[in-house]
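Database features, via Swiss-Prot:
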- 5-46: repeat 'WD 1' (REPEAT)
- 65-109: repeat 'WD 2' (REPEAT)
- 117-157: repeat 'WD 3' (REPEAT)
- 161-201: repeat 'WD 4' (REPEAT)
- 204-247: repeat 'WD 5' (REPEAT)
- 251-291: repeat 'WD 6' (REPEAT)
- 294-334: repeat 'WD 7' (REPEAT)
- 375-403: repeat 'WD 8' (REPEAT)
- 473-507: region 'Disordered' (REGION)
- 789-832: region 'Disordered' (REGION)
- 800-817: compositional bias 'Low complexity' (COMPBIAS)
- 870-1150: region 'Disordered' (REGION)
- 877-901: compositional bias 'Polar residues' (COMPBIAS)
- 980-989: compositional bias 'Pro residues' (COMPBIAS)
- 1030-1048: compositional bias 'Pro residues' (COMPBIAS)
- 1049-1060: compositional bias 'Low complexity' (COMPBIAS)
- 1067-1096: compositional bias 'Low complexity' (COMPBIAS)
- 1097-1143: compositional bias 'Pro residues' (COMPBIAS)
Amino acid sequence: MVRLREIPRTAAFAWSPGANPLLVTGTRSGAVDADFSDETKLELWDLKLDSQEQGLELQPIASITAESRFYDIAWGQPNDEHPRGVIAGAMENGSLDLWDAEKLIAGEDALISRTTKHTGPIKALQFNPLRPQVLATAGAKGELFVWDVNDTSAPFRLGTAAAHDIDCLAWNPKVANILATGGAGGFVTVWDLKTKKASLTLNNHRKAVSAIAWDPENSTKLLTASSDDTAPVILLWNLRNSQAPEKTLQGHDQGILSLSWCQQDAGLLLSCGKDNRTLIWNPQTGERYGEFPEATNWTFYTRFNPHNPNLSATASFDGKIAIQTLQNTNPSAAPAAQNNLSDDDFFSKAASQPQAASFSLPRAPAWIERPVGVSFGFGGKLVFFNKVETAAGQKRSSKLQISSFSIDSDIGSATDKFEQAIQSGDIASICEEHIENAKTDEEKAEWQVMQTLSESDGRTKIIERLGFIKDEPVEEAKEAESPMSPEPKQEDSASLKPNGGEAKKHRRVVSMWGDGDDGEDFLSEIAATKGAKTDNPFNLLSVGNTHLEDQITRALILGKFEKAVEICLKEERWSDAFLIANCGSKELVEKVQTAYLQQKRGSPSYLRLISSVVAKNLWDIAYNADLADWKETMVTLCTYADPSEFPDLCEALGDRILESGNRKDASFCYLIGSKLEKVVGLWVDELQETEQAALNEEAGDSTFSVHAKSLQQFIEKVTIFRHVTKFNDSETSLTEGWKLAALYDKYLEYADIAAAHGQLSVAQKYLDLLPTSYPPAETARNRVRLATQKAGAQTAVRQATPAGRTTTTTSSRTAAPVGYQQPSLVPAPANPSSLNPYAPPVPAPVSAAASNPYAPPLAPVSAAASQYGASSSTYAPPQNQGYAPSGYTPPTQSYAPTSVTGYGVPAQNFGQPSPLGGPPKATAPPVQLKRDGVWNDVPMVTKAPPRRNTPSVAPLTSPFPGQPGIASPPPAGPFQQGAPTPPPPPKGSAPPRNVGAPPTGPPRPSSVSSNATNPYAPPPPAAGLQPTYGVPPAPRTASPYNPPPSAAAPPANRYAPAPATQQYTQGPPSGSGIAPPPASGAYTPAPPAASQQYAAAPPPPRAGFSAPPPASRPPGGGPPPAAGAPPQQQAPPPAAPPKPRYPPGDRSNIPEHAKELVDILSRDMQRVASKAPASFAPQVKDTQKRLNILFDHLNNEELIKTETIDQLAQLAGALAGKNYDIASKIQVEISKEKTEECGQWMVGVKRLISMSKATP
């Protein structure tokens, strides 16, 4: 819980009926204020829960003086005449006063009427919840009146005068004419207003009835509470069988004064009483959920807020009305100082103060619990639950169902169809279907291109699709060539002619040797004829030749083709140059071609085309060709481009076309060039346009369906394109800078949609196409991988559920938390009698950390025994048990030395003693326990002073509660006989240490840690969990080891904090391990442990064994030698002369290197002592005491080594510099590494660090 506000009044109160939480208070009759004021007031209070500036204590918003004090007060529902309702007061003088709440807030005269019909004080009153104008009042001498608040002049009376007062009444919330009353006579009367007679009387065994509450859901059930201290119980009655109560709720120590049954959740009940406690219950099951912070005086009135039951208010005679939340599940703060400081002298003198409480409901309240819920599960699953109707008092349960779900069935079918087509490899049919269903020319052209690319000779088909056909004859040139022209030309027979339209004319170089095939045949025949002779002789160097021709002839004669070609090029005799070059090398031909094309630059375009083809440089065409002829350019690229350059050339041409604004033709170029990264950007834009067009059609599809279908078309297009082009993504190993990032995002989106429709394999397929380190896909990959794991690989065994099938599971909300195990050794025994002050204590069981967010928090258990815990009998036969489960046999084991178990229970050993007992095995270290907040965490937590809590009452597991349970040790009180007297300790053993006095009163064991933090107390160690070994839970009783009460003994201090337990208790200082006998039969407590809780003690031993102490050391320091070990047969070394010891408090012999640390610690201790609050004086005094122990060790130069002194000097320096973190770190290191040197003084050092940090 969290205390939100406090009202500093001892008053009766009532909640306002509206949503805004207001409280009205009236000075309580019979109470005396701290200032002994006799002033009586009616006041209104606004909680201001939404104001962060409002402090804990409130101030009234309206206040008027009343003529008499109040026994009870009620606030009725608003109506037309009274918009804020009517406030009714049950006055001590017997009058019924009514006030208008609206006028009271406005500061006007608010009194409506004052009527006196009662002859004595009015003890109780209540408005009828079903008829708000009806009011019932009850009081002294059995007077019971029913009023109409609109006309208070004529009330009618129920019943007749009686000897006993009526102290409480309650209207039935379901039946308007039923009223129940109760009083000091011990009877509960149920009245029927229709007959104006008592219809039923319940016998409460003549125990005074102080409170009545009707079941908010069942009109025949009610609760009654008794104010009798001898029977402080709550009884649940069913009027259908009124002979005996249906259930009894026990938990209060003294009489109960008030009940409040939550109207929104019949499983919640508040009760408060004379034991200063406010408890919360489940009245249907009788389970007690927890306890609110205990007050310092009687709590006489408690109520849930009628509008917001998470709020409740409790009034007590300590002068406060506490407004608090139902519970607090924030992680508990460090336990208060009393849980940390283990010195019994400190605890015996600690100031009495209330304890804090914290609890968590094991289930969510009804106003938070959802009766039905649904959630989409990954993989196309729909998970939903609904509440299963159960009878009152039974555990609430829900029916959980899992079914398949599809947002749009067409999406799933389209995906399946496409995947099947891909697996069949029928790409052509897919393309044909898309071509037929294409809605735009652009989409149709894209699918046609992909269909073409899927064929074997794709580039040839592309040329034909562009309208060109290879090897078609070309028309002869019509132009007349001049006979004198050095370069006669003709049409190139290998040129291309468009299929449709006017044919283009292309020129070609014509040989000077004439046209036709006759010359070629002739020359070939001559070349092939050996020794051919003609009648036409010629001169190599003719007289008619020019000088240039003779030079060419001479060069040819000598085989100098290069020189002959140079002469021809100089004279621009291109035909001769080409002819001669053909006789030479390939390089020579290329040289002539280059010179010719260079000379003819600017001539017809075919020469530039042939220049690019000859030079194998088609980039000039791709970058510079006119875009009006982009088809011819593409055909040229398809005809001449090298396969390695073809994609890039297509990309360059496509980029130019795209820049001109023609997306369709650019897409064509990208498709031809297999440039997926380019075409994807265009398709993404096309996807958005397609979606928008589909939405504008208003076909009735949802936005998601339209998007999913458009994305499906996009994915199919990309998939087919990758298939036909055999695209290989080379960027999957990159970590950033992906060119296909836009495509990856669509793949991821498509995988999510496929997974949402239950197609996990399809989703996995497309996730595998993404780069390995693609951050946006991490979550999707993990989800798909987990969802596709086989059942055998999971930790929990589950049944696989086919798609479309519904799995139903019924689960209980109050199931045991995960990780909890029942004790497996022995069953928990029955609670020992609370009247036996010498019964051995039994700690509460501790379970493992619970996963249930509504489970109650686990109490931190310290594996230790109380310093005042008496040892059990050395050996004794087991007692006769009242109950033993079938098959159980008490264990027998050899004699072991007496020890105290790790859970504070004296060990019990059965069987006859044997000579020696072996050492125990070390137990496992405690498990770290950390609880997080759950369903109703609140952002603001107001710290309260440390308060103690009360453990829950353990269940009865035996039909004979008065007898100890199985494996429980026999009671061994200080006055009992029967156990053999232990022998005295051997000579030479270390004497027992001094034992402090027991606490002044029986401390109440605390089962729940406080959430308040003591600024002067060091933070406690983390709470750990130890195995229970079948140890039973502890009852709520007085300390079992206190001496019997006497007439002169002071009363027990019920508010004193309980002494902290220790983690490790050594055996008695005896070589035999047996404690010495008590003198004259007087009770002697067990010696305290040498190692305190914060001294890094070893783990506790197992139950039934003694912890093996360390080896023997001199008496001034450590523990005694190991119990039960045989003596060492060695010659003792010569004893050194004993070093003189100085008296306590002497500081004159402290070594020089330790004086500075002593000065620093002393100064800081004085500073803390001067500024610490008076309530923490015991802690300060105890810390000073422990530091003096350290100084005495340093003064005597004993126990503490030089290295440890150096570390303490560093700690002191850090403390002087206010570096508390460093000081704490050094302290922890010393505690861990120098355990044998750390005694009681280390607790003082640790505490000083915490106090110094908290003191300004």
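A Cβ is built for glycine as well, from the same backbone N, Cα and C atoms used for every other residue.
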Q. Helix, strand, coil residue numbers for the repeat 'WD 3' (117-157) per DSSP?
A. 3 helix, 24 strand, 14 coil
Q | DSSP helix/strand/coil residue counts for the repeat 'WD 8' (375-403) | A | 0 helix, 18 strand, 11 coil
Q: Mind tallying the repeat 'WD 2' (65-109) by DSSP state, helix then strand then coil?
A: 6 helix, 19 strand, 20 coil
Q) Are there residues at least 6 beyond the ends of the repeat 'WD 3' (117-157) whose Cβ is under 8 Å from a Cβ of it, and what are they? A) 29, 71-77, 79, 86, 88, 90-96, 98, 163-171, 173, 176, 179, 181, 183, 191, 193, 196
Q | Interface-richest range of 204-247, 251-291, 294-334, 375-403 toward the repeat 'WD 1' (5-46), CB pairs under 8 Å | A | 294-334
(Q) Across the repeat 'WD 4' (161-201), what does the mean pLDDT come to, as a whole number? (A) 92
(Q) Let's see if you can do this one: DSSP helix, strand and coil counts over the repeat 'WD 6' (251-291), in that order. (A) 0 helix, 21 strand, 20 coil
